[in-house]
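J.: In case it helps, Swiss-Prot gives these features for our protein:
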BINDING   HIS96, ASP98, HIS158  Fe cation binding site
BINDING   ARG168  2-oxoglutarate binding site
DOMAIN    78-177  domain 'Fe2OG dioxygenase'
Amino acid sequence: MMYPIPGVLSPQDVARFREQLEQAEWVDGRVTTGAQGAQVKNNQQVDTRSTLYAALQNEVLNAVNQHALFFAAALPRTLSTPLFNRYQNNETYGFHVDGAVRSHPQNGWMRTDLSATLFLSDPQSYDGGELVVNDTFGQHRVKLPAGDLVLYPSSSLHCVTPVTRGVRVASFMWIQSMIRDDKKRAMLFELDNNIQSLKSRYGENEEILSLLNLYHNLLREWSEI
């Protein structure tokens with residue numbers, strides 16, 4: 001399943017990010033991918049050795065950690081260090097699959113259950129640049145407003161189509177979820193959404209408390225901590 005997460009960054013935050021990224025040092029995006037991905041990857045990424053990168057990636061982590069919908073959908077256990085990429089002048093990233101595990105500065109290694117793209121460019125400012133994801137439900141093409149994020153299973157084949165006008169800038173990361181199984185995670189997300197909807201409509205009652213108890217018991221049964 002794919003989950004759009006709106007408003008991870010405010011318009012003011014996006015504008016500030018874009019202004020700072022104009023001053024960033026950009027390097028060949030192939031430096032952070034494996035042999036298979038390098039064959040189809042043609043973009044640029046912010047140099048992770050720069051002081052600016054360290055500040056911006058911390059801000060992205062803070063933003064997603066404070067976003068309730070992101071937490072409900074991902075149930076994150078470990079977040080990778082966010083990276084930043086840029087596409088322009090027909091740059092693209094062909095179909096590829098993300099690595100199953102990644103190194104992590106604190107945890108050593110993490111499993112990649114979910115991938116996330118945080119859009120930092122207004123969709124009207126560039127042509128092309130859609131994130132295309134193939135999963136069991138078909139093919140999805142995603143081009144969200146700046147400040148919005150999309151979550152999708154890391155096991156999915158995906159690509160970024162060529163940017164034929166303008167510049168597409170985004171941040172991206174991987175998540176190891178407390179719930180390894182996509183279907184179980186999707187069920188918990190749907191249950192959580194329905195509980196929140198019922199609470200807003202009817203307030204607290206015994207039936208909602210029973211559903212909340214069910215949610216937490218399922219989370220307790222399925223989670224890997």
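Glycine residues also receive a Cβ, built from the backbone N, Cα and C atoms like all the rest.
Given the structure is predicted, the values throughout are model-derived calculations rather than measurements.
Map the listed features onto the structure and describe their local environment.
T.: ASP98 (Fe cation binding site) carries neither a helix nor a strand DSSP state and counts as coil. In sequence order, THR112, SER115, SER154, TRP174 make up the list of same-chain residues 6 or more apart from ASP98 (Fe cation binding site) whose Cβ falls under 8 Å from its Cβ.
In three-state terms derived from DSSP, ARG168 (2-oxoglutarate binding site) belongs to an extended strand segment.
The average pLDDT for the domain 'Fe2OG dioxygenase' (78-177) in the predicted structure is 96.
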J.: At the level of the C-alpha atoms, what whole-angstrom distance separates ARG168 (2-oxoglutarate binding site) and HIS158 (Fe cation binding site)?
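T.: It is 17 Å, counting Cα to Cα.
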J.: Please count the residues of the domain 'Fe2OG dioxygenase' (78-177) that DSSP assigns to helix (H, G, I), strand (E, B) and coil.
T.: 3 helix, 62 strand, 35 coil
J.: Excluding HIS96, ASP98, HIS158, which residues of the same chain place their Cβ within 8 Å of the centroid of the Cβ atoms of the recorded Fe cation site?
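T.: Everything else in range on the chain: GLY37, PHE95, VAL97, SER115, SER154, SER156, LEU157, CYS159.
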